[in-house]
Amino acid sequence: MQLAWSLLLGLWLPCCLAQTTPSNAATRTPTRTPTRTPTRTPSSLSTPSASVQSQTAQLKVRLSGYPRKHNEGRVELFHQGEWGTICDDDFSIHNANVLCRHLGFVSATGWTHSAKYGKGQGKIWLDNVQCNGGEKSIELCKSRGWGNSDCTHDEDAGVVCKDERIPGFVDSNVIETQADENKIEEVRLRPVVAMSRRKLPITEGVVEVRHRDGWAQICDLGWTIKNTHVVCGMLGFPHERKVNKNFYKLYLERQKNHFRIHSVACSGTEVHLAACPLEFSKANATSACRGGTAAVVSCMPGPLFMQSNGMKKKTRTSSNVRLKGGARVGEGRVEVLKDNEWGTVCDDRWNLQSASVVCRELGFGSAKEALTGGRMGQGMGPIYMNEVKCLGQEKSIWNCPFKNITSEDCQHVEDAAVRCNVPHMGLEDSETWYWDSSNVTEMILSGVKCTGREMSLSQCQHHKALSCQKAAVKFAAGVICSDTTSDLVLDAPLVQQTVYIEDRPLHMLYCAAEEDCLSKSAAKANWPYGHRRLLRFSSQIHNIGRADFKPKAGRHSWVWHACHGHYHSMDIFTHYDLMSANGSRVAEGHKASFCLEDSDCHEGVSKRYECANFGDQGITVGCWDLYRHDIDCQWIDITDVRPGNYILQIVINPNQEVSESDFTNNAMKCNCKYDGHRVWLHNCHIGDAFSEEAERRFEKYPGQLNNHIP
């Protein structure tokens, strides 16, 4: 009997324990059947136990790293007496919401991966965290368990919280005073030469860090060129140069310095001084830099920020990399040139080191942000790179290890982008306000023509002598600014695939003639007899920008066309032109916005605009508007065109009535061959898809690169 009871206890006790103890694999169900039921998929994730849930109020969370604001940073958890990080594997906005609420913010607006705020130290406490979003604490979410991780600190996760506090929240989870004391957020160069103080950007001076309500210096003992490289990068400069130490030594010996940092040991690849090993001066030290003086650096600005035109010509940025779709200088989707055609970079393993190589290559400083998920809009061409792994010291992104990809590896929704550090130019101070023109008392500029690349309005072309009358207040210009806007691009291959010629009877073209879709000679035709020869094709117009494309005019001013039975929200939405080899126009057409709507969208994007029943018109981000080849005015009237070789050009939003982040990709061009009976299109491409050299070879004549047609 004793042996029987022992056997029963041996079988029964583990079963009971399995019902109350969390497991990394599976648990036994509390029934009499011996069947095992897995708790989740994958089985390596664990659910917190009741004892852990009762201790959630004790978990401390803080935001750390650089550069950051108070509501963002690298996530760190205090567990078992030690601060540690969270791996970004399986991280999501749900995890970020839980963490932000734990910190007293109402919600999260985003999250970051790949140690955007710098690499943490110590333990990586959690990995493969999967929250539903409603948990009270991150430790109540599924994960691999405390301390169980296969990650490195290169994969530290961060969050961006909405800058709005939860009403009545008491525990602010503020980082300890000691940690706050030794953080470096703001760095500047203090010029000592009077002439340098008046010129921007400031490229040389004493390195100073913000400390309390003032500024403090860094001791130059052991200072290296690598430290200078990091400081210049974070201040928006791609390169460093030698400094006259003897001059500064004489100056600094007469100054009273307050040294905050005793020594710096950067490797040269850091994107911020705070990422370097730093030794802070002790509070009670009387002389924190014995035998040394304040650190001084001199930086080389990129061509865009050089004051000398001669230096700009000598220093040129890379022609193999560019940024597209950004709202500000130094930001945008990364595009690289290969075989004379531009393509994008996939965001797998995209991080600050790779982004910094791109930024410096383009004449900016180190990267402020490495953006993923098509945050600066989606490209349309090929994707050339994946899993770029720069170390940080490479001269070009093409020198970094990367993988060639196939269409299965990446889509344009994963296009990588950057925000680079740019020099302070004081422009955010030369502030413009927009108000009702009735109180305008003076005009200061007229005839302003900008390319869009200028740093300020004063750098644009304008009349030397003001041509506006003071009384003409109705001519006062105004703007409405936005961080995001649309970007329309035509599907060039579709035009090439769908082109054909139709001889259409005149009696079927009355509506088209009313909307001025035929050439001028049509007015002299013997209506309704005869026909017109039409070059037909389909147009599929994508919005790859960051905001919806909507007509400038409100629906109250749309024009009803009874002939076609629809409203026109834009008088001219597209220009169609057939041009000869010398650039002259031999035939033309135009397309009013018959109906701007979402014909179809990428997976996961919902249609917003539909013309039926006087609905809203526009094109949603990630959607496209398709004008089929068989609808009216989707053509060029080539009745009077002789056989020969031509260039077909299509320009969307030709009058630039609606804001776009990039107008250089609004034109599409094709080589066109017409033998009098048939037509062929080849080399159809978007206006900025080729290199300048390839574009010149395509056109073989000037005047088309800027889309200005004589």
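Keep in mind that glycine also has a Cβ here, set from the backbone N, Cα and C atoms.
Looking at Cys299, Cys400, Cys410, Cys420, the record from TrEMBL puts Cys359 in a disulfide bond with Cys420.
Here TrEMBL annotates a disulfide bond for Cys161; of Cys87, Cys100, Cys232, Cys266, the partner residue is Cys100. Across the domain 'SRCR' (187-300), DSSP helix (H, G, I), strand (E, B) and coil residues number 26 helix, 36 strand, 52 coil. The Cβ neighbour count for Cys400 (disulfide bond), using a 10 Å radius over every protein chain in view, is 18. Annotation: stretch 321-421 has the most Cβ pairs under 8 Å to the domain 'SRCR' (61-162), among 187-300, 321-421, 442-482.
Counting Cβ atoms from all protein chains shown, Cys100 (disulfide bond) has 27 others lying within 10 Å of its own Cβ. The Cβ of Cys131 (disulfide bond) lies under 8 Å from the Cβ of Ser92, His94, Asn95, Asn97, Val98, Ile138, Leu140, Cys141, Lys142, each of which sits 6+ residues away along the same chain.
Separation of the C-alpha atoms of Cys266 (disulfide bond) and Cys410 (disulfide bond): 35 Å, rounded to the nearest whole number. Just so you know, the Cβ of Cys87 (disulfide bond) picks up 24 other Cβ atoms within 10 Å once every protein chain is counted.
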